[in-house]
């Protein structure tokens with residue numbers, strides 16, 4: 001029958017300040033995003049109004065700010081331009097995820113530096129982007145990682161500051177990702193090859209046997225919607241690509257889902273599931289997050305995304321949510337109908353996601369979902385408190401008499417991950433229960449004691465061993481996510497208010513469209 005035909009995109013959601021109508025003729029004035037109008041549409045100052053607060057909360061926030069400055073200063077001194085800092089050996093790490101792109105820590109750190117009012121350090125990072133950030137590179141890149149870290153970071157910093165360099169770099173990089181969608185189904189392949197001439201090319205021998213990962217092809221919508229709107233009229237390559245991102249939903253709605261669940265691997269050639277492994281942690285996680293956040297970012301107009309999220313959460317509740325003998329609620333993994341009673345650290349974001357969905361959800365499910373979110377977050381907290389370092393393992397299990405602990409050697413490490421403190425931040429903002437700030441401060445103390453070294457912060461190889469062995473890597477997401485969420489946990493709610501912003505899965509804030517600026521613009525002469 002051949003591959004399914006690609007269909008036109010659904011009606012585009014609007015980004016504040018953007019016009020979606022195509023030009024009536026070539027004589028129409030060039031598109032220009034009205035940044036000042038966008039900023040006026042925000043309900044809260046980006047950095048908040050800074051009302052009076054208790055001295056302890058301010059002191060704790062300032063401590064987290066000092067940690068960010070320490071992490072940045074050491075990266076700048078020993079690894080500027082590389083992707084990450086190796087703090088023990090005091091040099092840089094490049095890696096192979098980004099297809100020759102450099103400066104991942106710079107891009108990931110920009111919005112955190114700005115929000116924390118580390119002005120000098122922000123200018124250092126901006127200068128590197130202006131003078132040294134080279135997009136003419138060669139190499140196989142992760143579409144997912146380049147999108148969430150580089151494009152997400154550049155877009156967020158543009159919306160926060162209005163500095164054109166961040167917008168132009170985001171649009172230029174976005175165009176380089178477009179050939180990833182050139183597949184029979186339109187489902188993108190996960191490892192495009194960046195090149196300075198054509199943007200991307202393919203090693204088709206590898207790709208023909210490859211699968212696309214749910215969390216990767218399902219974690220594009222927020223960024224590509226904003227790229228499309230900022231690129232303007234006439235439709236650019238990036239805006240045409242948004243139709244491919246919207247097409248992903250149609251493929252997923254068409255394919256049969258076992259028990260209503262979404263397996264982690266899909267063939268970009270046939271549009272069929274490759275196997276039936278379901279996980280709310282790695283491989284699946286941010287797909288569900290982006291369904292909810294697409295709805296929120298559209299000012300709750302993207303009903304398709306909301307229905308997909310609600311249906312998926314219902315299936316997860318029915319088939320994957322379990323309670324241990326000791327009373328801990330967790331989300332198991334599913335392998336062809338057989339449950340694997342483990343949770344990854346990555347799955348601990350789900351407490352925050354479910355709480356955010358409950359806050360905006362139907363009245364009849366709100367209390368149940370908020371309780372579920374609190375229970376999952378409490379379980380993830382237990383995975384921290386049951387370790388010698390008070391930091392959580394990469395994965396923890398509920399079997400063989402063990403609860404919320406890693407039982408396998410390969411799952412005992414902690415690489416400065418943010419998901420647990422991410423959920424603390426959301427639960428604090430939505431409930432204001434003091435325990436979430438208390439738990440967050442426990443993490444700050446553990447990071448300082450076990451992960452801070454002379455020249456930065458390092459992950460550790462075994463959370464059950466104290467003093468720990470360090471892994472010599474300061475991950476870029478530590479600056480983008482872990483420290484940002486901890487900082488926001490001790491801020492007032494109007495700092496990056498959840499009424500104005502949604503966070504991409506790398507904690508880069510993107511604006512909600514809660515004002516119809518297009519109508520206001522049309523009314524002007």
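Positions of Cβ are set from backbone N, Cα and C atoms, glycine also.
Taken verbatim from TrEMBL:
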- 1-12: compositional bias 'Low complexity' (COMPBIAS)
- 1-29: region 'Disordered' (REGION)
- 145: active site, proton donor (ACT_SITE)
- 285: active site (ACT_SITE)
- 348-380: disulfide bond (DISULFID)
- 394: active site, proton donor (ACT_SITE)
- 419: active site (ACT_SITE)
- 505: Ca(2+) binding site (BINDING)
Cβ contacts of residue 380 (disulfide bond) (under 8 Å, same chain, 6 or more positions away):
343, 345, 348, 351, 392, 419, 420, 423
Which of the listed active-site residues (285, 394, 419) has the least company, meaning the fewest other Cβ atoms within 10 Å of its Cβ?
394
At a 10 Å cut-off from the C-beta of the residue listed as 'Ca(2+) binding site', count the other C-beta atoms across all protein chains.
25
Between residue 145 (active site, proton donor) and the residue listed as 'Ca(2+) binding site', the C-alpha gap once rounded to whole angstrom:
10
Just to verify a number: CA distance, residue 394 (active site, proton donor) to residue 285 (active site), in angstrom, no decimals.
14
Integer Å distance between the CA atoms belonging to residue 285 (active site) and residue 505 (Ca(2+) binding site):
9
Work through the recorded positions one by one (145, 348) and point out the residue whose CB has the fewest other CB atoms within 10 angstroms.
145
